[in-house]
Amino acid sequence: MIVLAGLGNPGSQYAGNRHNIGFMALDAIHRRHSFSPWSKKFKAEIADGTLAGEKVLLIKPQTFMNLSGESVGEALRFYKLGPEQLVAIYDELDLLPGKARIKLGGGHGGHNGIKSLDAHCGLNYRRLRLGIGHPGDKSRVQAHVLGDFGKLDAEWLDPLLETLAENADMLVRGEDSQLMNKLALATGTKADEEKPKPAKSHIHQARNGVQPKKLPETGPMAEMLKKMFGPKKD
């Protein structure tokens, strides 16, 4: 069995956020292939099916981003799987929009969802990073990742997600180079770009920045942001 874990924040108000591209990727795979309807288990939305002759579990943690590992780790333990059977799909600030990279293991790059997966699942899993671009100024990072994709983003976002879904069997078989070439052709990016420089964590990048407009003041998301960024200074 292979577990494909898309990372994001739950709730319709966050569905279009750049931070939720992992959820979007799993939704595209779910639409394209014959998976079961979404159901709730492991503090997540899950669906099961078969790709490339392999049983596949799609999982979208509903714990909010920085607790994603609790959900995914529970699923791995239930099915007696190791990190080698896990593929995480998530947003990457330090890749150009539409650019994709995949690797086995590595650091979290400041991504809070990946920090949580590392803590609960181990390090030796495959990581598919989907570029959302950097806003260019650390003070705008929080607003960028928690902001919605714009209409112009559809020019690369739709081909990226549809091509990933169409070739999800390559992801399951571990044909990573072939998949990266497919995605690069679909989005007009290069499959052999230089590796991005290590990024500071989202927390450090955004702590001294301007808070984005219309952030929730109550509820689970508000509590998560308070823990991440602390009280606003005068």
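Glycine is treated like the rest: Cβ placed from N, Cα and C.
According to Swiss-Prot, the feature active site, proton acceptor maps to H19, an assignment based on sequence analysis. Annotation source Swiss-Prot lists tRNA binding site at Y14, F64, N66, N112, citing sequence analysis. For 187-234, the entry in Swiss-Prot reads region 'Disordered'. According to Swiss-Prot, the feature site 'Discriminates between blocked and unblocked aminoacyl-tRNA' maps to N9, an assignment based on sequence analysis. What Swiss-Prot records for D91 is site 'Stabilizes the basic form of H active site to accept a proton', and it gives sequence analysis as the kind of evidence.
Fewest Cβ neighbours within 10 Å among the binding-site residues Y14, F64: that distinction goes to Y14. Each residue contributes its Cα atom, and for N66 (tRNA binding site) and N9 (site 'Discriminates between blocked and unblocked aminoacyl-tRNA') those atoms are 9 Å apart. D91 (site 'Stabilizes the basic form of H active site to accept a proton') falls within a strand segment according to DSSP.
Distance from the CA of D91 (site 'Stabilizes the basic form of H active site to accept a proton') to the CA of the residue listed as 'active site, proton acceptor' is 6 Å. For D91 (site 'Stabilizes the basic form of H active site to accept a proton'), the same-chain residues that are 6 or more apart in sequence and have a Cβ closer than 8 Å to its Cβ are L7, R18, H19, N20, I21, G22, H111, R129, L130, G131, I132, V145. In the shown protein chains, 19 other C-beta atoms lie within 10 A of the C-beta of N66 (tRNA binding site). Here N9 (site 'Discriminates between blocked and unblocked aminoacyl-tRNA') is positioned 5 angstrom away from F64 (tRNA binding site), judged by their C-alpha atoms.
If you take the Cα of N112 (tRNA binding site) and the Cα of N9 (site 'Discriminates between blocked and unblocked aminoacyl-tRNA'), they are about 12 angstrom apart, rounded to a whole number. Other Cβ atoms within 10 Å of the Cβ of N9 (site 'Discriminates between blocked and unblocked aminoacyl-tRNA'), summed over all protein chains shown, number 23.
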